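Enquirer: Sharing the feature lines straight out of TrEMBL:
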| type | residues | note |
| --- | --- | --- |
| BINDING | Ser238, Gly239, Gly240, Val241, Asp242, Ser243, Thr244 | ATP binding site |
| DOMAIN | 210-411 | domain 'GMPS ATP-PPase' |
Amino acid sequence: MDPQDVKSNLVLILDYGSQYTHLITRRIRTLSIFSLCISGTSSLKSITDLNPSVIILSGGPHSVHSPDAPSFPDGFVEYVEKNGVFVLGICYGLQLIVQKMGGEVAIGEKQEYGRMVIEVVKDYGGGGLFMGRKVGDKQVVWMSHGDEAVRLPVGFEVVARSEQGAVAAVANPGRRFYGLQYHPEVTHSPEGMDLLRHFFFDICGITAGWKMEDVMEEEIKVIKGMVGPDDHVICALSGGVDSTVAATLVHKAIGDRLHCIFVDNGLLRYKEQERVMGTFERDLHLPVTCVDASVQFLSELKGVTDPEKKRKIIGKEFISIFDAFAHELEQKLGRKPTYLVQGTLYPDVIESCPPPGSGRTHSHTIKSHHNVGGLPKDMKLKLIEPLKLLFKDEVRELGRILDVPVSFLKRHPFPGPGLAVRIPGDVTQGNALDILRQVDEIFIQAIKDAGIYDVIWQAFAVFLPIKTTGVQGDQRTHSNAVALRAVTSQDGMTADWYYFEHKFLDDVSRKICNSVRGVNRVCLDITSKPPSTIEWE
């Protein structure tokens, strides 16, 4: 997707480090408006090249008084006013507007966190932020700030205050600057989406014209323009939704010049190879070569316990196999394949970006995505990442348009490193992989039988590297413990644990302990993200 093609309706988010920034991006897209998120400290040229209609300054953990506080670039205010760009500051973004445009921000006498009530104190009618609301009307919002605006720049007015008297919303319609001291994008602000809808459509005049069909057509055009008429492309199929949709899209663009490879790295789920290969060949008609490299991967992973090292090893081995596959294709075709397709998603890109104001060129690593941060610098293949600006549910919608079977699109996400991140420590220890496959299969099948598979974002089992005592068959046992994890989510960047019925958990636990030799204890992971990640490593 070239942002230039949707520039007349592009909403650009400048990210200042808020944990909710990705939600702003996602919520705007639900309104059929294209949105992109870039670093808040991006250059003015990076902003102007995208030619946005609206710019949102996100929240963040910083204080505008800090010497290293991130800010928009010099010339920003002049640029947006000259080009008629609307600006909305959220939390830190509001404070940034106030401070940089001649107002004053101070440490609040009373810090405001969580649900708060705000009251409208200025009514602009239909052109104001709170359309349909009159002076004195109240609503619940989600606050998260310590500093507050105490003196506004010339031309700005307070349009809402909190019950404690703090500035909750400001506006300068003449200069097209607006600000909110709360987060409208979170569900804890019940009327937040109504405000954003009104802001974009009624105040900014944005048109809701961004559709997934347009994304498909644009991506096909981009791929055809990138890949020469004689170039050949390799696609690494993992068996997951992302790589499958990416492969189907590229295949639609260049046909048989796409050569897919499915690698069995020894870290797949129960009967994964035969199941996904059947879908590739029978339903999608993709040209796929299956490579069994399980011995190669597991020998390299033997004795390795550090999660990051495991991911790097797996990423390196994948690339070496792709290079070997490319060499074989070269012998067969008489020319080298040029590109490698990967199913990188927007959350991967966001989580791999450096946080503004950190002083680092790379982010504090939550986890290395081997399709974003683990590729070797000397890789011989150039990357095609057709999904890198999409969220997971958008990828599923694109797959539906591409006629990927619905049953396949509904599959839960599966990590690139496979079961390696579901066995803390050495993945080759004992028969951990076999045990985990059996436990996982029982758990997932039970979820499907209960009719709740589609309401769960991701469910899986984890092999715990501990032994526990038990009693099985009237004998004392010293066997393995496993954990079950199931979460609900919209895009995988935040998640809540799924509330199973007790009977379901009781039945699953009994079946696992009775069916899987070597397991005598089943635990349930009831942690949200944050503070946990979805995967265990």
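Quick reminder: no glycine exception, Cβ is built from N, Cα and C everywhere.
Because TrEMBL annotations are produced automatically, they should be read as predictions rather than curated entries.
For each listed feature, how buried is it and what is near it?
Expert: Asp242 (ATP binding site) is surrounded by 23 other CB atoms, counting those within 10 A of its CB over all protein chains shown.
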Enquirer: Gly239, Gly240: which of these binding-site residues has the highest Cβ count within 10 Å of its own Cβ?
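Expert: Sorting the candidates by Cβ neighbours within 10 Å, the top entry is Gly239.
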Enquirer: Test of understanding: give the count of other CB atoms lying within 10 angstroms of the CB of Thr244 (ATP binding site).
Expert: 29
Enquirer: What mean pLDDT does the predicted model reach across the domain 'GMPS ATP-PPase' (210-411)?
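Expert: So the average pLDDT across the domain 'GMPS ATP-PPase' (210-411) works out to 83.
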